[in-house]
Amino acid sequence: MKKQRAFLKWAGGKYGLVDDIQRHLPEGRKLVEPFVGAGSVFLNTDYDQYLLADINPDLINFYNLLKQKPDFFIEEALRFFTPEHNNKDVYLGIRADFNASDDIVFRSLAFLYMNRFGFNGLCRYNKKGGFNVPFGSYKKPYFPEKELLNFAEKAKKATFVCEGYPQTFARARKGCVVYCDPPYAPLAQASNFTSYAGNGFSLDDQAQLASIAEQAATQRDIPVLISNHDTALTRRLYKGASLNVVRVKRTISSNGAGRNKVDELLALFEAGSKAEKPE
């Protein structure tokens, strides 16, 4: 099957890692993703059903709208992809309107516009919940019509929910496979570029996720695959899993010079396996 690109630019997007992830994902009836992000794994796997979750309501509302009304959405979104809209003042105006609006249709249209016209494809909010990514100054941002249509077609097999990872794990049943792509553990304590959703993902969250994944596999016969940086911390947290190391180029950093290859882990907690406790 030909690899499908997500229609969103996304920090930590998994397009470049899809082949490795496919190799390590077990067979099952339904794929459950508590951190769906831009959906590259969803788009490039072939399960009967999908349960796709994220804590970002803008993302999930957008996906549900696109699933329900793809032709309407694409027609309306095209209005934003004009030379007149590729302007800093226009961008900042739409961003301000987005932050002031509760209208799901407008917020979804503006979300796609800001993803393509904003700096580096970032999705970032301030502490008050306001989207605050600056203008990107790109020559001609790409309108991902084909990718939107592909996503909408595949979404017929998917249910999208806005919730935290513990709630999504609780929905999983035997016959499901869980893939987790959490905000990554920092490579060093100085690294703070792991808070993609605006409300953080602490080291306690990393530990809780590992514990929930282990329990799902050992107590409920649900296999769980997790992506993360290869660090002493993650190796300790995933001690009971099968660990596979992958080298990838990070797709987003705070500056272009910071884009380099780092080791990543694919940790598989196999169904029914007895995991060891982290020391």
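Along the chain as shown, residues are numbered 1 onward.
Glycine too: its Cβ is placed from the backbone N, Cα and C atoms.
According to TrEMBL:
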BINDING   Trp10, Lys14, Asp54, Asp181  S-adenosyl-L-methionine binding site
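Under a cutoff of 8 A between CB atoms, and with a sequence separation of 6+ in the same chain, the neighbours of Asp181 (S-adenosyl-L-methionine binding site) are Gly12, Lys14, Glu33, Phe35, Gly37, Val41, Ile226, Ser227. The Cβ of Trp10 (S-adenosyl-L-methionine binding site) has 21 other Cβ atoms within 10 Å, all protein chains considered. Taking the centroid of the Cβ atoms of Trp10, Lys14, Asp54, Asp181 as the S-adenosyl-L-methionine site, the other same-chain residues with Cβ within 8 Å of it are Gly12, Gly13, Glu33, Phe35, Val36, Gly37, Ala38, Gly39, Ser40, Val41.
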